[in-house]
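Chemist: Sharing a structure, written as structure tokens. Questions coming.
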């Protein structure tokens, strides 16, 4: 039987941990079990409970102090250490067979765009631990206010899709922050990115030298036709969480990974007709 895992990716501050917790909470409310695996050795203490935590193996702060490295160098060292000790991860995952594991990943995208750290871990999960994996890439909705920044984020999402070679779901998080600034009709244009959005952008006037570059990036995203977003509002719209989970279930074939359950025998109650 295959395990099911979800990777939460995206820049720092987009709400990955909040997303992970929202998915966990929703799954618990419908009677399903799931756990968060923290893969960020620099994670700050939070209200969210991690079932498996890379900081039990190695932490960024310890590496910075002992190896005299900066934050980025220490982060790479932590992941290289993890790759050399994947048996620790195997042991921690252990008997989690019929439960979701949600991997909360660091926000530094160079871990999969510049060095093959995350792709290596992904392949290990697939081949050695028999995981059906799905990647989710979060981009915060306020990016749509700065359209060139939005298309830059969409390009990063596409890069992750290509390099990780996983079923991929892109998510526009923190939708509640732009509800008073962007209409539903306009938002739909960002959920399925349209390069024509740049034509109405003030960026072309304030930064004319970047207009050509921004247009090239937008057209590249459009040419591949790979990037679409689902809206997410963890604070006020539980339906958006349920919708995203249904997409994850579909691409990971969750229902097919479940063992058939024995039918519950009906118990006939004795009735006294007298």
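Cβ from N, Cα, C; glycine included.
So Swiss-Prot lists these for the protein:
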type	residues	note
BINDING	13, 14, 15, 16, 17, 18, 173, 174, 175, 176	GTP binding site
COMPBIAS	265-274	compositional bias 'Acidic residues'
REGION	255-274	region 'Disordered'
SITE	72	site 'Stabilizes the phosphate intermediate'
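In terms of burial and nearby residues, how do these features look in this structure?
Modeler: Under the three-state DSSP scheme, residue 173 (GTP binding site) falls in the strand class.
Residue 72 (site 'Stabilizes the phosphate intermediate') falls within a helical segment according to DSSP. Its Cβ taken as reference, residue 72 (site 'Stabilizes the phosphate intermediate') is surrounded by 10 other Cβ atoms within 10 Å in the chains shown.
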Chemist: Looking only at Cβ atoms, how many others are within 10 Å of the one on residue 175 (GTP binding site)?
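Modeler: A 10 Å sphere around the Cβ of residue 175 (GTP binding site) contains 24 other Cβ atoms.
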Chemist: Counting Cβ atoms within 10 Å of each candidate's own Cβ, which of the binding-site residues 17, 173 comes out highest?
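Modeler: When each Cβ's neighbours within 10 Å are tallied, 173 leads.
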Chemist: Of 13, 15, which of the binding-site residues has the most Cβ neighbours inside 10 Å?
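Modeler: The most densely surrounded of these binding-site residues is 15.
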Chemist: I want to verify one value. Collapsing DSSP to three states, which class is residue 13 (GTP binding site)?
Modeler: coil
Chemist: Measuring Cα to Cα, tell me the gap between residue 173 (GTP binding site) and residue 72 (site 'Stabilizes the phosphate intermediate') in whole angstrom.
Modeler: 25
